[in-house]
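Visitor: The structure under discussion is supplied below as structure tokens; questions concerning it will follow.
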Amino acid sequence: MGLFTDLVLYGIVLPALPFIMRNRFHIPNAELQHYTSGFLATYAGASVFFSVPAGWAASKLGSRQLFLGGLVFLFVATAIFAFSTSLALLVVSRLLQGMSTAVVWTAGLDMVQDTVDPSQIGVTIGTIFATISVGELAAPVLGGVLYERGGIAAVFAVSAVMLAIDLGLRGLVIDKKAAVKFESPCLIRSSAERSDHVASAPTVVEAQERTHEGTPLLPQDDDDDSDRYKIDRELGSIVQAIPLLYCFREPRLHLAMLLSFVQALFIGTFDATVPTEAESLFHFSSLQVGLVFIALMLPYFALGRLAGQAVDRFGTKAAATSGYAFLVPCLLLLGLPEKKLVSKEANVALFCTILALNGIGLAVVTSPGYVEAIDVTTKYQVANPGHFGENGPYAQLFGFSSLYFFTGLAVGPLLGGVLRAKFGYAVMGAVYAAISGVTAIVSFLFVGTRRGVCWG
């Protein structure tokens, strides 16, 4: 629910942002793309800065408390955004929202990871993104309707109600790790018996050693050297404070983070350029711009779970390679509507169809980066019991993953905005198609496969 709320509050202002810039702050039309991209990048930049500290704090303090704090900051940021009377305050609101987003996502994903069976990570991540895509899908439409009918005050009122409900529900959640402290002795004995039974079963690493690419277990690879994940040296003070840093000796973890970066790069670009492109091509209102986002986000909802199952079944290599390869022609098509080869009505349909095709590709590439990163980290955790502390490595992992993701979300609006403003949507699409093609090749060659040695 928290991730859903966060995306709603992010997306609800997207169709209204260019109109707020023009109507409230009198930004000239020629500079709207620059300001819109800048504010989206400010949000993502704050998320980048706070992602790793949020992961560290969650690993030390627990995810539930941090999650609640993130939602409170999100409420404050939304209020400042709604009632700001200067561009400086608007920047402050985006900084606060970016900070709270880093906290909510890092702590939220850690809470999910703590309750999920390792062999179901792909479908779980896919299902989560499919579910929250409903918020991503509905938010721009809702924001367009609310802004057109009641102005920014109506947008804030709905956002505040959603946050209040989420905070109330979050107060009822008991963290899994904290719940163990209150279990009765008989429940603890029962849990211990179950643990003994599980201990006799093969671990994730052992199971993967007996499988090959194409079996339904996490991101399959041919990595059978478990000794390479053992820590056999004295660690420095920084690595002791942030144990996950040691895992970056494994090149696969860097590649997993790269996948998250590229995925977010594309998302940030669409978020920043679709509203201005739709207004420029078709002179759409904020409501109509919001409706255009349905074409991009609907495939997330329809295909997210299925794409996650494919990752669990066929591995991260197949999903990442096919997804980014599929995006290449879809991104190249982005410049077609601006040529106005058909009537306006047909051109609108063409624009939405192209966005939908890109949405399909984005749905496919959602899970591989997360699943690959979790797989590598799990190998280190199994090989080094106790190294990551009582709360495990996953909060720190999601902190670093969020760092890469939000870096992409920050770079996307800036790069996409500049390319669109200087050269047009066709050139922008061609540049991003090249990036997607290179990512597909890298995924085919290196993702989900054994690398010869660790770095460092």
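Cβ atoms here come from the backbone N, Cα and C positions, even for glycine.
What Swiss-Prot records for this protein is below:
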| type | residues | note |
| --- | --- | --- |
| TRANSMEM | 1-21 | transmembrane segment |
| TRANSMEM | 38-58 | transmembrane segment |
| TRANSMEM | 72-92 | transmembrane segment |
| TRANSMEM | 125-145 | transmembrane segment |
| TRANSMEM | 154-174 | transmembrane segment |
| REGION | 206-225 | region 'Disordered' |
| TRANSMEM | 255-275 | transmembrane segment |
| TRANSMEM | 284-304 | transmembrane segment |
| TRANSMEM | 318-338 | transmembrane segment |
| TRANSMEM | 348-368 | transmembrane segment |
| TRANSMEM | 398-418 | transmembrane segment |
| TRANSMEM | 427-447 | transmembrane segment |
Visitor: Cβ under 8 Å, sequence separation of at least 6 from the ends of the transmembrane segment (255-275): give me the contacting residues as numbers and ranges.
Guide: 11, 14-15, 17-18, 33, 36-37, 40-41, 44, 289, 292-293, 296, 320, 324, 327, 355, 358, 362, 365-366, 368-370, 372-373, 376, 400-401, 404-413, 415-417, 420, 425, 428, 432, 435-436, 439, 442-443, 446-447
Visitor: Between the stretches 1-21, 348-368, 427-447, which wins on the count of C-beta pairs under 8 angstroms to the transmembrane segment (398-418)?
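Guide: The stretch with the most close Cβ contacts to the transmembrane segment (398-418) is 427-447.
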Visitor: Tell me if the transmembrane segment (348-368) touches the transmembrane segment (1-21). I count contact as 3 or more CB pairs below 8 A, with pairs 6 or more residues apart.
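Guide: No; fewer than 3 Cβ pairs under 8 Å.
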Visitor: Using a cut-off of under 8 Å between C-beta atoms, tell me which stretch among 38-58, 284-304, 427-447 contacts the transmembrane segment (318-338) the most.
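Guide: Checked against 38-58, 284-304, 427-447; highest Cβ contact count belongs to 427-447.
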